[in-house]
Amino acid sequence: MYASREDIGYDFGDDTKVGSKPIKPNPNIDGGWAWMIVFSSFLVHILIMGSQMALGVLNMEWLEEFNQSRGLTAWVSSLSMGITLIVGPFIGLFISMCGCRMTAIIGGVLNALGWILSAYASNVHYLFLTFGVTAGIGSGMVYLPAVVMVGQYFQKRRALAQGLSTTGTGFGAFLMTALLKYLCTEFGWRNAMFIQGAISLNLCVCGALMRPLCPKDLSEKSVVRSDSEDNQAKALSHSTETVKSSGVLSEEPEKKEEANEEVLESVQHPETGANSRSGRNMPGLRMLKTVSQLTLTVRKGFALWYSSYFGAASLFTNRVFVAFIIWALFAYSSFVIPFIHLPEIVKQYNLSSQDNVFPLTSIIAIVHIFGKVILGIISDLPCISTWNVFLLANFTLVTCILTLPLMQTYVGLAVICALIGFSSGYFSLMPVVTEDLVGTKHLANAYGIIICANGISALFGPPFAGWIYDITQKYDFSFYIAGLLYMVGIIFLLIQPCIQKKQPRQKSAEEAQV
């Protein structure tokens with residue numbers, strides 16, 4: 001464990017000056033429209049992540065309707081969850097070219113279409129395509145912009161802002177579980193999915209609220225963050241220096257863009273000459289300018305996206321970030337498996353009557369809300385390390401996962417579920433930790449990689465648990481194996497920062513000998 005943020009290169013000081021040059025505070029950062037962005041992200045988490053956390057209700061309906069194995073049926077839910085996150089790196093490309101607002105609006109339409117088409121499913125394999133793939137891609141196109149926009153609008157209160165916005169997952173899991181149960185009871189699961197598709201169209205409204213910051217606002221925030229990122233680079237060795245938000249990844253594209261914009265300006269002003277000729281050529285010139293600007297935007301976005309993953313300054317040169325990816329590959333399934341299979345576990349232990357009064361998944365969802373807010377507030381305290389809070393919450397969660405199979409009473413399961421809900425509040429810290437490692441400019445691409453790793457975990461976790469149950473007729477081994485893999489990921493998080501801290505000392509010793 002580490003005593004301070006500086007141990008892994010974090011510096012959350014209030015850097016209102018760079019050198020002796022004062023920076024005028026911008027009302028768009030940490031205030032004003034920033035709270036509308038938090039509200040928009042909150043609604044996105046309710047409609048996307050909350051709905052996915054409530055899929056255990058539909059999973060039982062699908063088991064009765066199609067009479068397939070638990071392992072095969074669980075693939076519907078895991079495909080939707082997994083693809084939502086796996087497409088993260090590719091959604092980063094969309095964001096680089098089209099912006100967060102347009103990406104989110106398109107994703108909202110696609111998500112609603114997936115829900116509506118799933119209402120006409122004739123078999124499980126049909127649901128793989130409509131609900132798993134179509135709705136999953138649409139969810140990913142809305143989810144990543146919702147997280148990235150909060151990171152762009154907040155500097156001093158990032159952990160609190162991310163915590164407030166991601167509490168929508170807990171609210172959504174609680175509300176959507178009750179809503180889907182009611183709709184399935186009153187109208188059947190097919191009509192329930194149709195109604196949910198109509199509700200999901202509100203994602204387009206959430207996307208419309210994602211007003212982009214002007215370049216001036218982004219540059220001011222980058223200046224404020226520059227000192228803390230320099231300190232981070234020193235602590236994480238030379239591998240981190242290449243992925244700072246003010247680093248070399250964007251210098252060349254920006255220079256080329258400026259040169260191309262000068263050419264566009266020269267194309268824009270020929271009408272100052274002969275009025276008659278310019279009048280005839282104006283529609284063509286406008287079309288040429290529009291096509292040229294679109295081409296430049298696409299090229300710049302693709303260049304930034306490509307260099308982030310495959311260029312000389314690749315994000316993968318940051319060893320702590322790579323360890324973060326390995327952790328994400330094992331972590332998310334430990335949180336998803338209880339949501340998908342808890343209704344079956346309750347039924348197996350003959351606790352359905354108590355669970356109907358207050359479902360265990362609702363306990364996780366409600367406590368999850370408080371966990372995100374409280375952990376976010378604690379992490380924003382100047383004397384507390386965000387990294388240490390993140391690790392402690394992970395240790396608590398993995399302990400709960402390994403303990404859950406030992407509980408066979410409703411009270412015991414409720415206590416473990418409450419601890420799972422609170423400790424899983426560290427999800428609100430993931431964007432903060434990612435931004436501290438790579439900088440604001442590369443947050444979309446870097447967080448896209450992290451949620452892609454989470455998506456792989458979510459994709460294979462629930463079907464694996466169902467497959468283990470089909471063999472052993474118990475869910476115990478599923479939780480034990482998931483917990484042990486989760487512990488491996490945590491060990492990677494512990495080892496890499498220690499290695500990074502040792503490297504500068506070894507180098508200085510060699511220089512002293514020379």
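Any Cβ shown, glycine's included, is placed from N, Cα and C.
Now, the feature entries from TrEMBL:
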- 237-247: compositional bias 'Polar residues' (COMPBIAS)
- 37-501: domain 'Major facilitator superfamily (MFS) profile' (DOMAIN)
- 225-282: region 'Disordered' (REGION)
- 33-55: transmembrane segment (TRANSMEM)
- 75-95: transmembrane segment (TRANSMEM)
- 102-120: transmembrane segment (TRANSMEM)
- 126-148: transmembrane segment (TRANSMEM)
- 160-180: transmembrane segment (TRANSMEM)
- 192-210: transmembrane segment (TRANSMEM)
- 320-340: transmembrane segment (TRANSMEM)
- 360-378: transmembrane segment (TRANSMEM)
- 385-404: transmembrane segment (TRANSMEM)
- 410-433: transmembrane segment (TRANSMEM)
- 445-465: transmembrane segment (TRANSMEM)
- 477-495: transmembrane segment (TRANSMEM)
- Mind checking which residues reach the transmembrane segment (33-55)? Cβ under 8 Å, same chain, six or more beyond either end. 76-77, 80-81, 84, 104, 111, 139, 142-143, 146-147, 149-150, 153-154, 161, 164-177, 179-180, 196, 199-200, 202-203, 206-207, 209-211, 339-340, 361, 365
- Message: Tell me whether the transmembrane segment (192-210) sits in contact with the transmembrane segment (102-120), defined here as at least 3 Cβ pairs under 8 Å among residues 6 or more apart in sequence.
- Response: yes
- Message: Same chain only, please: residues at least 6 beyond the ends of the transmembrane segment (320-340) with a C-beta under 8 Å from a C-beta of the stretch. Say none if there are none.
- Response: 8, 53-56, 59, 74, 77-78, 81, 85, 173, 236, 240, 243, 360-361, 364, 394, 397-398, 401, 404, 417, 420, 424, 433-434, 437-438, 446, 449-451, 453-458, 460-462, 464-465, 478-479, 482-483, 485-486, 488-490, 492-493, 495-497, 500
- Task: Please work out the mean pLDDT for the residues of the domain 'Major facilitator superfamily (MFS) profile' (37-501).
- Result: 77
- Item | Top Cβ-contact partner of the transmembrane segment (445-465) among 102-120, 126-148, 410-433 (pairs under 8 Å) | 126-148
- Any chance the transmembrane segment (160-180) and the transmembrane segment (102-120) have 3 or more Cβ pairs under 8 A, given the pairs are 6 or more apart in sequence? no
- Item | Intrachain residues whose Cβ lies under 8 Å of the transmembrane segment (126-148), provided they are six or more past its termini | 40-41, 44-45, 48-49, 52, 62, 75-76, 79-88, 91-92, 94-95, 100-101, 103-104, 106-115, 117-118, 162, 165, 193, 203, 206-207, 210, 431, 443-444, 447-448, 451
